[in-house]
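Student: Sharing the record's features from TrEMBL:
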type	residues	note
REGION	43-112	region 'Disordered'
COMPBIAS	50-70	compositional bias 'Acidic residues'
COMPBIAS	84-96	compositional bias 'Low complexity'
REPEAT	240-282	repeat 'WD'
REPEAT	372-414	repeat 'WD'
REGION	474-500	region 'Disordered'
Amino acid sequence: MDGSDQEDEVPNVNFVPSLLFVKRGVAKANPDKVTLTPGELARIINDTRDDLEEDGAEGMDTSDDEENEESAARLVSRAETAQASGSSSRAAATGGDEFGFEGYEQESGEPVVRLSSVAVVDPEENIQDEDDSDAEDEVIKPTDNLILVGHVQNDSASMEVYIYNEEEGSLYVHHDFLLPSPPLCIEWLSFDPGSDKPGNLCAIGCMDPVITLWDLDIQDSLEPVCKFGSKGSRKKNKPKVGHSDAVLDLSWNRNLEHILASGSVDQSVILWDMEDGTPHTIIRDFGEKVQTLAFHPTKAEALLAGSCDGLVKVFDCRATNNDTASYKSWSLGGEVERVCWSHHNEYHFVASTNEGRIHYVDIRQEHPLWSKEIHEKEITGLVLSSKVKGMLATASSDGTLKVWDYDDQDARLTYKKNPKIGVIQCLDECPENPFVMAMGGDLKTKNFTVVNLLDNDIVTNVFKSRFDPNYVQPTTEGGLPIEGVGEDASMSEGDDEEDV
């Protein structure tokens with residue numbers, strides 16, 4: 001088989017488990033590029049080899065040897081490629097903001113954040129491209145969105161940074177990052193532990209329990225700028241820190257910017273202080289794996305979490321510590337797949353389950369306002385539009401995207417589409433144009449697509465007039481009514497609305 005045949009060969013495994021839109025104007029026009037000294041290259045390879053040896057010794061499974069060797073070979077290949085490319089920049093230093101939650105007491109512990117020293121900054125360097133069209137593609141314009149796309153192909157995992165320009169209709173991969181295992185969740189943030197200025201970074205949760213933080217303004221990076229957590233090392237006598245199993249979801253607190261929440265298969269949620277990289281609070285009030293999280297858009301203390309024990313909970317982080325948690329809970333009767341706060345009513349959120357149902361909840365009420373079966377299988381994508389009041393988008397393993405017109409009483413189906421990407425794994429909206437949706441699936445020949453809902457006349461007629469591009473959710477004084485410690489509210493059968 002020649003090289004062209006190999007390129008055309010359909011991979012055995014090829015899917016997109018996670019993706020995320022990034023707003024316009026935050027990325028560098030010309031991202032920095034990495035150059036490596038021989039010493040830095042040797043350090044990365046040795047660190048990777050040590051990690052693989054530790055994993056192999058702990059797992060005692062020799063069947064992974066071949067895969068580990070291939071992973072190391074891919075890293076060496078990428079390192080040599082990066083070494084041959086242009087130089088880059090990044091200053092690495094710790095910041096100094098104070099932790100902001102009421103009632104929090106700083107814990108002692110060994111910091112597990114490790115700032116990368118791979119990239120060396122030369123701000124005066126101007127990278128030239130021989131081909132003008134390639135050079136133009138390299139430049140990120142103020143009208144470009146980034147779309148961060150987790151990609152698994154055969155035995156390799158990566159995050160691809162796409163450029164999407166709505167005006168030009170362009171969509172292409174700008175650069176990517178090799179990852180140690182499949183990326184299960186991605187969260188963008190501007191808080192940079194290595195700088196006192198806002199950055200353009202993303203946190204990634206993988207099958208590996210360690211969370212990695214990547215600088216999106218650096219191309220060809222071989223390692224993250226820092227890591228949250230540690231698998232420990234008997235060889236180096238390092239303790240385990242953080243999660244002990246796969247990280248399923250991440251949520252950045254936009255009101256207390258140095259706080260990142262992570263939910264895991266290990267049935268816990270960790271609130272990370274990104275200033276020093278330590279777990280500040282570990283919440284263990286779950287009976288099953290935690291697979292969805294969302295901080296409130298305007299209330300820094302409110303964290304929404306859904307788990308596979310069928311419960312969705314709103315935590316008051318001001319009154320939550322390692323020993324006790326203050327929360328209100330609703331039982332939804334199925335594994336909670338996704339949660340999302342409303343941007344138009346601070347008391348409302350929506351949650352989806354593996355049974356194809358959605359539940360619309362007012363946290364002041366003991367039972368959901370309404371519940372509805374809307375898909376044949378689990379609902380893996382859930383977006384309450386931030387700028388179009390009453391528009392809800394859902395995606396499912398049944399392969400369909402649906403758009404709903406919702407209010408406090410019900411949700412009415414407006415539009416249904418099969419994007420033909422297989423089992424839909426993830427969904428997100430464009431921050432500037434909420435009618436533009438990105439989806440990831442598992443079809444081997446096509447697993448990623450971007451659609452514009454306004455191409456449909458019905459969606460245009462129902463929702464376009466409601467679009468307010470300047471809408472910002474108002475901030476109110478006082479906290480949310482999350483009374484007591486561990487309050488539960490169960491949903492009875494009689495609370496269900498009529499199914500679709």
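Numbers run from 1 along the shown chain.
Just so it is clear, glycine is given a Cβ too, placed from its N, Cα and C backbone atoms.
Given the structure is predicted, the values throughout are model-derived calculations rather than measurements.
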Student: With DSSP as the yardstick, break the repeat 'WD' (240-282) down into helix, strand and coil residue counts.
Tutor: 0 helix, 23 strand, 20 coil
Student: For the repeat 'WD' (372-414), give the DSSP counts of helix residues, strand residues and coil residues.
Tutor: 0 helix, 25 strand, 18 coil
Student: Taking every residue in the repeat 'WD' (372-414), what is their average pLDDT?
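Tutor: Over the repeat 'WD' (372-414), the predicted model scores a mean pLDDT of 97.
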